[in-house]
Amino acid sequence: MTATMQPQMEAAKAPRRGRRAPGAGVTTRSRGRGLEFGHWWWALPGIALVFAIHYVATGVGGFFAFTNWTGIGAFKVTGWVNFEAIFKDPTKVGALSNTLFLAFGSVLLGNIAGLVIALGLNRVIKTRYVLRTLFFMPVVLSPLATAYIWKYIFDFDGPLNAFLTAIGAGDQAKPWLADPQWAIWTVLVVLVWSSTGFAMVIFMAGLAGVPVEVEEAAAIDGANLWQRFRNVTLPAIRPAVAIATTLGIVQGLRVFDPIMALTGGGPAGATETLATQVYKQAFALGNFGGGAALALVLAAIILFFAVIQQRLTRSNPED
Amino acid sequence: MTQHRRSSRLKAAAFAIPTIAALALTGCSASAGGSDSSGGSKEFSLSFATSNTIESPFQVLAEKYMEANPDVKITFNPQPNDSYDQTLRTQLQAGNASDIVVTSPGSGQGRSILPLAEAGFLEPLDDTAKELLPEGSAGTFGPDGRVFGQATAITVSALVTNEGAVKEAGEFPADFEALEEQCKTLESSGKSLFALAGAAPPNTGLTAMSLAASRVYAQDPKWNDKRAAKEVTFAGSEGWKSALEAVNTLKDAGCFQKGAAGAGFDAITKGLASGTALAGFIPATSWKQLQSATAGSEFGVRALPAEEGSGKDFLYASANYAFSINAASKNKEAAKAFLAWAAEPEQTKAFAEIDGALPVSGLDSYDFEGGAYKNVGDLIKDGKYGPLPNIQWPNSAVYDALATGVQGIITGQKTPDQVLQAMDAAWG
């Protein structure tokens, strides 16, 4: 790593040396201008758009969190009433707990599965390119479309129960997505299935940067498979772990469409998350103020966990 | 350098030509679609919700109007039923909603007339619309004695039955106790009396309201008014408690198909069409769609039997949909002309036939014999019916609390008392 970095640094310093050399000023200046392609103000339209579409819209939405607006007509500023209502309502508290369970559950299981697959498909297997594509496919497919396929699989008259009946376990057949105990786990299975491929790709990118020589040296020194993974591979792919887990948590906290398609938040709120509650409150039940307040809470939670996650997994504590 | 410049120009042209073309096309279509015609245009647009592939009765009626008036052009804006309310509200606020929009009376839904009228998005209608108001429902079509929606038909909300399957099972139960017995018999033969979409809140809510018909509204048709005046509560109502306890009774008696808690509307369609279920709690107009989709089967409408000896058979029949005119419309005259035409007895009868509903006018002289409504004709003639309760509820959260609560009762997550308390909390 150091060996490859050195020439680049020297190359970057070369014009500075050249500038000091007598008679080389003209050439150096023209090169310098060539490197200064672009001006900061070229970004202004983009900044303005991001500001207007993203931050102003979010700010206006945030304002409505402090009102009783129903989504139509006049409204009154009600202060923190909507936020108080969130923490007094057991459905919302349940949604918060489901959100955290699904986010952390899908990150943990999805990343472990993704890492195992990435390690397995890293170098050895001949069909690894085909398998990589197959494992990555769920990330490319529409979450809504695949959720409907999963819904069919978990349906009471669906293939899963038919399989259980066929192997003589018919007494275990149940409406998986409407069972208060099983529904949340069923949703978790679908989320893990859809997030594994993404984690796998990030880990494969990380594994590509692990020098084979170091692994070989560790093996020659007598390190077994687990020791090589624990002391050589894992420290080397730590940035990949940070990226995969952070993105996974952000994605997991705001998951919406698979749950709406699978259970709609049911049975009786058993799989409700903050995102589905935001939609229901704001757009289905005419409580736009309450929905906006929930959205703010969700944004704060995402920010909190994203920052914590970044701090825990950064490779250099001084970063 | 010259080559570079040429390629840059080519690139610029490659981006610019389609962009300009797109802008030009957008401009063209905008001017063609623009219907600013305050000078007496006969062109207007119509928004309505669709939930299946069968042509909407609103569209069929409007097409009939265009046939009768060749100089009129109606632009149809159908929207999926599950997103119709939100789309309608967004378009009304943005000022680009259709000239005529299909609304619902009351304030219990996103498309309900009262909040939209109070926010100033709907145009007050004239006496023609007033004359079509079903008895006792004036307050749900507009505040302060004004009318903002023209009722289109009377929709019965009761049971839709597969008459062939009913005959095969013997007779349809006459009271609730006989119903429980029939449930057990049917369950042992692998069938069910009811097909329930337990995961679809509109169906679970309608099921509970149907159970409340004989237990609450038959005894006290003004119960909603009393709730609004805070004289009664859901949690304190014996009738409502009995209605939700009846959900458990039906479940325990095996009245619902297996896996009902997680089923969607397709379970009802499949169950009723195949005859594995005898009845479903769905809007009565569905009999026509089921009959047209299932050749050789006969479907009908029946009331849910009341408890033995109570004599409280009751059903819901009300105008659940209305035509309203967008207050920001630039084609109000053309829209009003359509509404006047749609209010004619000939058209109300035609619309009811297309929709499979009952006509909004002339119900007293309606011939129930021989039709899908023959089993509820006597109840309607005797006036043993009232409006769908949630039309009079103040917001959609009350119905949501009931609908999700019923699913919770079926799965054992909630008790009737908890559901009723949640409904009171949602009422506000």
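We number each residue from 1, going along the chain as drawn.
Using N, Cα and C of the backbone, Cβ positions are placed for all residues, glycine too.
Feature annotation from TrEMBL assigns region 'Disordered' to A:1-29.
Here TrEMBL flags A:40-66 (among others) as transmembrane segment. Within its own chain, the transmembrane segment (A:40-66) has Cβ neighbours under 8 Å at 75, 77-80, 82-83, 288-289, 292-293, 295-296, 299, counting only residues six or more beyond its boundaries.
The annotation domain 'ABC transmembrane type-1' is assigned in TrEMBL to A:96-309.
Per TrEMBL, transmembrane segment is recorded for A:100-122 (among others).
As annotated by TrEMBL, transmembrane segment applies to A:129-150 (among others). Panel annotation: around the transmembrane segment (A:129-150), residues 117, 121, 190, 193-198, 200-201, 204, 257-258, 261-262 of the same chain, lying at least six beyond its termini, place a Cβ under 8 Å from a Cβ of the stretch.
Feature annotation from TrEMBL assigns transmembrane segment to A:182-203 (among others).
Non-local neighbours of the transmembrane segment (A:236-256) in the same chain are 99-100, 102-107, 110-111, 114, 191, 195, 198-199, 202-203, 205-207, 209-210, 214, 273-276, 279, 298, 301-302, 305-306, 309-310, 313-315; each lies 6+ residues outside the stretch with a CB under 8 Å from one of its CB atoms. According to TrEMBL, the feature transmembrane segment maps to A:236-256 (among others).
For A:288-308 (among others), the entry in TrEMBL reads transmembrane segment.
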Query = Residues of the same chain, at least six outside the transmembrane segment (A:100-122), with any C-beta under 8 angstroms of its C-beta?
reply = 128, 131-132, 135, 184, 187-188, 191-192, 195-204, 206-207, 229, 233, 241, 244-245, 248-249, 252-253, 255, 273, 301, 305
Ask   = Short question: which residues 6 or more past the ends of the transmembrane segment (A:288-308) have a Cβ under 8 Å from it?
value = 58, 61-62, 64-71, 75, 78, 82-83, 85-86, 92, 96, 99-100, 103, 246, 249-250, 253-254, 274-275, 277-282
